[in-house]
Amino acid sequence: MIQAFQVAAPILAKIEEAGFEAYFVGGSVRDYLLNKDIHDVDIATSATPLEIKSIFPKTIDVGIEHGTVVVLYENQSYEITTFRSESDYEDFRRPAEVQFIRSLIEDLQRRDFTINAIAMNRNGDIIDPFNGRDALERRMIATVGIAKERFNEDALRMMRAVRFVSQLSFSIESSTFSALSDYGGLLREIAIERISTEFEKLLKGTNRKQALQILLETEIYKYLPGFDTKKDKLQMFVDLSDSNLKVEELWVLLIYKLNLAKKDIEPFLKAWKLSMKTIKGIEKIFSWLEYRMNHEWTLESMYYAKIDSIFSTEKLYNVLTGQGNPNNLDDLKQEYESLPIKERNEMDITGTDLMEWFQLAGGPWVKEKLESIEKAIIIGEIENRKETIREWLMRCNLS
Ligand code: ATP
Ligand code: MG
């Protein structure tokens, strides 16, 4: 067994000593069987949240009503979720109430896809009642049970299916696929925040193209914010090839290809429930991309864009124009590093200096002068040294 499970195995042992069952489940077991890196190790147990809290001294309540307690153990935190069944689904969303149960099999049965319904005990033995390993081998995403029913219980599972296509480069099994085509409209009932999380995972996945193509084919795209009337433009986004873009950069690429009017960008990103901070970041890169599509970088534009935006912009420019030069980023970095100053506050003079030199009270002129000095420094017209700047000012003033 790999280290992440070995480290957590004593937790399972403790729960068993107290007379309950406990297993590794979900994404970590799936990714382990795929030989992928695993991030968080999820644990499922027959013990109720209160029973878990009585076993471990350090716990945090995160979602007791859903059966989840976080246990702090050896400086790590682990989500421990009580076996549960989910009956009584309301409005195609999460179940109205969860019922804690003592049976692992029933817990696995309520999970979304067979590849996510595999459990492993602390000795590394696999419990796989729905043939998840077989699906892993065939690289297939199939619901546990009848797809139509499972998507009607919780429509978010449709987005999850497609994001796993992107992350794992798997295909979707045929009856699960038909249900995607039939029930996309149920996504209207799902909170955008949840859809957004899955969509961003989809964007970041290595098989993004295929996954987006499925959103188009099944017409699920129609139920995602701002996509309804944009099939052709979305297709152009799908057809782009790239690697190594950050999620923020992918949003920029998407709005670029959707060809949104400037005023519509913020409402679009808000509709996806992105944070204002993220939206501002996306808009900044977008503006520089628009600039870059018509200009080469200058010392001045590099100074105002700053290195992170320069990199993001240049990567996107390369994707859009296919004029990528892999050495480009290094060259740009060197050029940026050679700027005499990177920030305004690195200038060797202040507004107070100006007021003293000119024997004038403050006013808009100070800001204007500072800006023209700043620009002259950036493009190398004058050195960033108080005396030089003063002489330069006096010369300018005379002429
Ligand atoms: P990731 O690697 O992105 O964390 P994951 O499969 O672990 O993928 P999570 O959202 O962390 O996904 O969910 C953990 C497990 O809970 C899943 O593997 C699955 O068994 C179950 N699960 C999550 N969401 C649903 C859902 N909407 N319906 C049914 N089961 C779900
Ligand atoms: Mg997970």
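Just so you know, glycine gets a Cβ as well, placed from its N, Cα and C.
Per TrEMBL, the CTP site holds G27, R30, D154, R157, R160, R163; the candidate it also names there, chosen from R102, R111, R122, is R111. Between the CA atoms of D42 (Mg(2+) binding site) and G27 (CTP binding site) there is a gap of 8 Å. Helix, strand and coil counts from DSSP across the domain 'CCA-adding enzyme C-terminal' (246-393) read 105 helix, 0 strand, 43 coil.
Across the domain 'tRNA nucleotidyltransferase/poly(A) polymerase RNA and SrmB- binding' (170-228), DSSP classifies residues as 43 helix, 2 strand, 14 coil. Cβ environment of R157 (CTP binding site): D112, F113, T143, R150, F151 lie under 8 Å away, each six or more residues apart in the same chain. Local packing around the Cβ, expressed as the count of other Cβ atoms within 10 angstroms, is greatest for D42 among the binding-site residues D40, D42.
With a cut-off of 8 Å between CB atoms and residues at least 6 apart in sequence, the same chain places I38, H39, D40, D42, N116 near G27 (CTP binding site), listed in sequence order.
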